[in-house]
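S.K.: Mind looking over this structure? Questions follow.
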Amino acid sequence: MASVLLTRRLACSFRHNHRLLVPGWRHISQAAAKVDVEFDYDGPLMKTEVPGPRSRELMKQLNIIQNAEAVHFFCNYEESRGNYLVDVDGNRMLDLYSQISSIPIGYSHPALVKLVQQPQNVSTFINRPALGILPPENFVEKLRESLLSVAPKGMSQLITMACGSCSNENAFKTIFMWYRSKERGQSAFSKEELETCMINQAPGCPDYSILSFMGAFHGRTMGCLATTHSKAIHKIDIPSFDWPIAPFPRLKYPLEEFVKENQQEEARCLEEVEDLIVKYRKKKKTVAGIIVEPIQSEGGDNHASDDFFRKLRDISRKHGCAFLVDEVQTGGGSTGKFWAHEHWGLDDPADVMTFSKKMMTGGFFHKEEFRPNAPYRIFNTWLGDPSKNLLLAEVINIIKREDLLSNAAHAGKVLLTGLLDLQARYPQFISRVRGRGTFCSFDTPDESIRNKLISIARNKGVMLGGCGDKSIRFRPTLVFRDHHAHLFLNIFSDILADFK
């Protein structure tokens, strides 16, 4: 399929690269690379098992005041640098998960440290304003230097938020207001609308819906949770909305061996999208918008072809639905383009696009026609954080200056090639290797083996993340280089060789 042609090309070239199959073959040593010792370490250093004794003690203390069962270990961020995360027991790990894909240019980047230390920036970091009513003098300037400098095609409007969930939540509200405005025309709010909205009834609160996909993750607030379908524990016991849920393609790998089957699978899913839009219109729960991730991340790193997304965009236009692309995890450069949807090759890729994580702040871009028609309709106290815009402007400068998008593409190719090698040698443990840039993943036989591999890797000095039922995902920073990929591949090759 077109969405991950790189995987196909690498798989084909791999078949001719027999040296990768030679027993004892090693990826080139990380020692051959030039390491900036002021920013990056030269490799992992493990002193205890993870979590170590200090982490376990702190976990006990935290568990007294909140459920701390999700905590992996406690970190020493003062000592963490570049691609390496250091814990409170002194263990230094190559971090290929980067705080759930949210660290853009590594830990404690010197340029960001310098920025924070500059006297003229002190007030920005200590005075957090209510941006909707009292923004600082340089607010527009910093937005232009940061977010607006990477605005996606066709979207000139921008609203900042604090996180991915509130970005999607407010994007939903924006879509609903846009849709109702289309229906209302130039008329003002009616007296009935103003009264019924206060008691959560129509017509003031119209019964619109957002179509989402099975396997999606869009956040944990009430509206977002209605479009999140990745893990039951995220949703259980919480009331939700009757909104349509379409199947997302489940592609078969290797892609070049299942072209016809995958095309049929995508066609089936697109047909179901259209059927659901029609069905919910008849139910008087009109689909006002469609939300989709360019790569379903939390749900298992599920890919679809570029053609699938182009056709999905066409469906949204045909039925008058807003098209919302959730780039919270895929945005920021890890796929080799700043926004993953750029791979689709569309001049009009979306009506609304949300972001967070690597972007340092949350928020969403949107077209002019989605602009709220009155103040306080999309609003909260902080509406983001100017200090994050300041940091992001420097992050974007570094991405451009160091050509980190090209780096993500190249280092990702090294990583993906190595994973295909490991898949060929250890098919009993690794399958469905896939990825775009460094945004890579593979499947394991089951959840138990997946979790065991992640745990062993952590104790060998490598941080990995899980997703879906049995997948391992890679979310390194943009300063993840070829030699970091080789280092990981050597360590993980040894793990697989000894795995029982």
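Each residue, glycine too, has its Cβ placed from N, Cα and C.
Note that this is a predicted model, so its numbers are computed, not measured.
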S.K.: Run through Lys60, Lys357, Lys388, Lys460 and tell me the one Swiss-Prot describes as N6-(pyridoxal phosphate)lysine.
M.R.: Lys357
S.K.: If you count Cβ atoms within 10 Å of the Cβ of Lys470 (N6-acetyllysine), leaving out that atom itself, what do you get?
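M.R.: That number is 19.
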S.K.: Taking Cα atoms as reference points, rank the recorded positions Cys163, Ser165, Arg220, Lys279, Lys318 by distance from Lys452 (N6-acetyllysine) and give the first.
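M.R.: Checking each of Cys163, Ser165, Arg220, Lys279, Lys318 against Lys452 (N6-acetyllysine), the shortest Cα distance is to Arg220.
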S.K.: Count the other Cβ atoms sitting within 10 Å of the Cβ of Cys166 ([2Fe-2S] cluster binding site), across every protein chain shown.
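M.R.: Counting Cβ neighbours of Cys166 ([2Fe-2S] cluster binding site) within 10 Å gives 22.
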S.K.: Looking only at C-alpha atoms, tell me how far Lys413 (N6-succinyllysine) is from Lys318 (N6-acetyllysine), rounded to the nearest Å.
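M.R.: For Lys413 (N6-succinyllysine) versus Lys318 (N6-acetyllysine), the Cα atoms are 37 Å apart.
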S.K.: Enter the number of other CB atoms within 10 angstroms of the CB of Lys452 (N6-acetyllysine).
M.R.: 15
S.K.: Roughly how many angstrom lie between the C-alpha atoms of Thr381 (pyridoxal 5'-phosphate binding site) and Lys231 (N6-succinyllysine)?
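M.R.: Roughly 31 Å, rounded to the nearest whole number.
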S.K.: When a 10 Å sphere is centred on the Cβ of Lys318 (N6-acetyllysine), how many other Cβ atoms does it contain?
M.R.: 10
